[in-house]
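Feature list (source: Swiss-Prot):
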- 46, 195: substrate binding site (BINDING)
- 122, 168: ATP binding site (BINDING)
C-alpha cells in the first residue's frame, strides 16, 4: 500500500539526496521543468548534444526523454542517451508528447520503447492509447480521451514493455500492468498552463530516482504533483499566478499538504 507517508518519504528523499535528472525535453518547457526540479530539491541537467550523452549518463540519477519538439538531431541524442542509461541501469522516463498526432512522434516513441525500454511512460489518455495501438483521437498535444478511458491500453502497454505507465487526467492512473493506482487531487487550472504534464514527468523521474521501486516512485511523484497543484490553485487567481504559486508550494511542500490535498487509492 502507498500512503501519504510514502509520498512524504520520497518528497523528503528528493530534497535530501538531490538526484540529478538529465532531461532531453522540448523548447516549450525547458525553463518550467528545470525550475520545478529545483523547487522540488532535485538537480536538473538539460543537455542535448549527442557528443555528451554518454558522459551525462555517468553522472545522472535518472533520464527524461520528452518528444514535444522533435527534430532528427534530437532523436539521435535521445537514442544515445537512452542506450547509455540502459547500459548503466539508470531509470528512464518517457513522455510521448503528441504520440498519435504525427508519424514522427509515434514512431520515435515506439522506437524508444523497443530499444531503450524505459522504466516509466507518462502521457495523457490519447498518447497512451496511440502507443498501445488503439485510436487515441490525439488533438495536437492535448488529449481527447480521459485517463480512465485509457486504463486497458495502459495495462497492455505496461505488460508489453515491462514499464510502469502513468496516464494523467482529472484523476491520474498508474499501473505496472497488474496493480492499478489512482491519484486524486490537482486542479482544473493545471491543464490551462503549458508544461504541467511535462512537469509531472520530471517529478516522477526525481521520485523514481529515490524510491524503493519504480511503481512507488511513479505514484508518489504524481501525488506530489497533485498536492502542489491543488494548494497552488487556491493561492492563485488564474493560470498566470498559478505558475508562480505552484513553484512556491512545490518548494515548501509539507506532510500536512500532502495529507490534506491528495488521495492515493488502489483500484
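All residue numbers here begin at 1 and follow the chain in the order shown.
Just so it is clear, glycine is given a Cβ too, placed from its N, Cα and C backbone atoms.
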Residue 46 (substrate binding site) and residue 168 (ATP binding site), Cα-Cα, nearest whole angstrom: 23
Per DSSP, three-state class assigned to residue 122 (ATP binding site): strand
Surrounding CB atoms that lie within 10 Å of the CB of residue 168 (ATP binding site), all protein chains: 29
Among 46, 122, which are binding-site residues, the residue with the most C-beta atoms within 10 angstroms of its C-beta: 122
Between residue 122 (ATP binding site) and residue 46 (substrate binding site): CA-CA distance (Å): 19
Rounded to the nearest Å - Cα separation of residue 122 (ATP binding site) and residue 195 (substrate binding site): 13
Close in space, distant in sequence - residue 195 (substrate binding site), Cβ under 8 Å, 6 or more apart: 28, 29, 32, 33
